[in-house]
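*Asks:* For reference, the structure I am asking about is given below.
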C-alpha cells in the first residue's frame with residue numbers, strides 16, 4: 001500500500017515564499033546571523049549601537065525631523081546619507097522585531113539620489129519633507145509594491161489598486177519611502193501578527209505586544225528605523241501601538257488627513273465610524289510638524305473624502321482647563337496607569353493649569369458595545385476579510401479567535417432598521433461628550449489610552465479606552481509619560497464577561513511597563529489638541 005502524502009497548505013507555501021522574497025531585499029551585509037538574534041533581542045534598543053556605523057548612528061539619532069531637515073537644507077547631510085542610515089536601522093529593526101513587511105530600499109535610494117540631484121541643481125529643498133525617511137503602514141498602497149494586509153490571498157496584488165492619496169501627497173512633499181510595516185490579520189485586533197510576516201515584537205521587551213493595528217509602525221518608530229511613521233486608526237490602531245511602544249501618536253478626526261486607497265475594497269467600515277490616518281513619532285514636535293505640513297498641502301486636492309479644512313493658526317496657550325477621567329468603573333485601569341494620570345494631573349496643576357475631575361461620563365463599556373456592533377455590520381454580498389481567510393483555508397491568528405464578542409454583539413446588525421438604531425446610539429454618545437466639554441468648560445480631556453501598559457502577546461483584548469474617540473470622531477493623541485517603578489496589589493474586581501478579553505493586573509507581569517496618557521478634544525479641533533498637547537508635553541516631559 002502506498003503511503004499517503006500530506007501536502008502543505010497552499011497558503012503556507014505562499015507565505016514562506018513571500019517571506020524569503022522580502023528577506024532577499026535586505027542587503028547581505030545588513031543581515032543578522034540567526035545565532036545572534038536571541039542575544040540582541042534581550043536588549044533591542046541597544047542593538048543599533050552594535051550593528052550600525054558611527055555615522056549611521058549619528059544620523060538616525062538626530063533629535064527630530066526638523067533638525068534632520070536643517071542638516072539637509074545646509075548640505076551637511078545628503079538625502080542618500082540619510083536614507084541609507086535609516087534603511088540600515090530599519091533592516092535591523094525588522095530582523096529583531098518583525099516590524100517591516102514590504103522592503104523596497106532600492107526604490108528609496110533612487111528617490112534619495114533624485115532629491116540630491118535636485119538640491120545640487122537648484123540649491124534648495126524640493127519640499128518641506130525633502131529627504132525625510134518616512135515609513136507607512138502596510139495598508140497604504142504604493143505603486144509596484146504588494147499590499148497584502150498579512151493575508152496570503154493578497155500576495156502578488158501590486159498595482160491592483162491605485163496608489164494611496166497619502167503616498168502621493170508624501171512624495172509631493174519630498175519624502176523618501178522605503179518600507180511598509182506590519183499589521184494584524186484583518187487589522188481588527190491589537191496584536192500585530194499574521195501568517196505571512198509573523199508577530200511584531202515590542203522593542204522595549206519582546207515578551208510584550210507592540211499593539212495594533214499599526215504595531216509595525218510603533219515598533220519601527222520606537223527603534224528609530226524611520227523619523228516619522230504613518231498609521232491608521234479605527235479603534236485605537238495608532239494610539240495603542242504608541243502607548244505599547246512608548247511613542248507619540250495622533251489620531252485626527254476622520255477625513256482631516258488623506259486615507260484612501262487601501263489594499264482591498266472598502267466595506268461596511270465607513271458606516272458610522274471611519275478610519276483616520278495619522279503620524280507616530282519620537283517627539284511631539286514631529287507629530288505637530290507632520291500634521292501641519294500635510295494640512296497645508298491641501299489634502300482635499302488628493303483625497304475626495306478629505307474635508308476642505310485649512311490649517312487654523314492657534315495662539316500660544318498660557319493656562320489650560322483640563323478634565324481628567326481616571327477609569328470607567330466597569331473597566332478597571334491598572335494601578336500604574338492610574339498613577340501616571342494622577343502624577344500628570346498634579347504636575348499640570350503645579351504648573352498653573354486648572355484640573356477638573358470628570359466623574360459623570362458615558363460608559364466606555366457601552367461605547368465599546370456600540371462601536372463593535374458597528375464594526376460587525378453585515379452587508380449582503382460584501383465579503384469581509386474574515387471570509388477571505390476562510391475561503392483560502394488560512395487559519396485565524398490567536399488574538400482574533402479568542403471569543404468574547406457575544407457579550408457585546410449578541411446579534412450582528414444585518415438590516416437597515418438595526419443599522420439606524422446603532423447610528424442613533426452613536427449620535428447619543430456624541431451629544432453626551434459634547435455636553436461634558438461645554439458644561440465643564442474644559443479645553444482638553446486627559447484619559448487612559450489603555451487599561452494597562454503593554455501586556456503579553458495575545459492578551460490586549462478589547463479597546464474601549466481608544467475606540468470611544470473613534471465612535472464620536474474626536475481627535476486624540478498619546479504622549480509617553482513615565483514608567484512603572486512601584487509594585488501595586490492586584491485588588492480590582494473584573495466583570496465575568498471580561499474574562500479572556502481584558503488584560504488583568506499582575507504585579508510581576510507589569511513590573512517594568514512604560515506608561516502614557518491620552519489627550520482628547522471635540523471633533524475637528526486638531527489644532528487646539530496639538531497646541532494643548534504641546535503645553536502638556538513640555539510640563540510632563542520637561543522638553
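Including glycine, each Cβ sits where the backbone N, Cα and C put it.
Feature table excerpt (TrEMBL):
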type	residues	note
DOMAIN	82-489	domain 'Amidase'
ACT_SITE	137	active site, charge relay system
BINDING	187, 213, 234, 235, 236, 237	substrate binding site
ACT_SITE	213	active site, charge relay system
ACT_SITE	237	active site, acyl-ester intermediate
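Distances, neighbours, how buried they are, the whole picture for these features please.
*Replies:* Residues belonging to the domain 'Amidase' (82-489) score a mean pLDDT of 95 in the model.
Within its own chain, residue 137 (active site, charge relay system) has 180, 181, 183, 213, 214, 216, 217, 229, 230, 231, 232 as residues 6 or more apart in sequence whose C-beta sits under 8 angstroms from its own. In this structure, residue 137 (active site, charge relay system) is part of a beta strand by DSSP.
Under the DSSP three-state reduction, residue 187 (substrate binding site) is assigned to helix.
DSSP gives residue 213 (substrate binding site) a coil state; it is part of no helix or strand.
In the three-state DSSP scheme, residue 237 (substrate binding site) is classed as coil.
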*Asks:* In the same chain, outside 187, 213, 234, 235, 236, 237, whose C-beta lies within 8 angstroms of the Cβ mean position for the substrate site?
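*Replies:* In sequence order, the nearby non-listed residues are 188, 190, 212, 214, 232, 233, 238, 240, 275, 463.
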*Asks:* If you skip the near sequence neighbours and keep only those at least six away, which residues in the chain come within under 8 angstroms of residue 236 (substrate binding site), Cβ to Cβ?
*Replies:* 190, 251, 449, 450, 463, 465, 466, 467, 470
*Asks:* Using Cβ-Cβ distances, find the residues under 8 Å from residue 235 (substrate binding site) that belong to the same chain and are at least 6 apart in sequence, listing them in sequence order.
*Replies:* 188, 273, 371, 375, 463, 466, 467, 470
*Asks:* Looking at the binding-site residues 213, 237, which one has the fewest other Cβ atoms within 10 Å of its own Cβ?
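*Replies:* Fewest other Cβ atoms within 10 Å, among the binding-site residues 213, 237, is found for 213.
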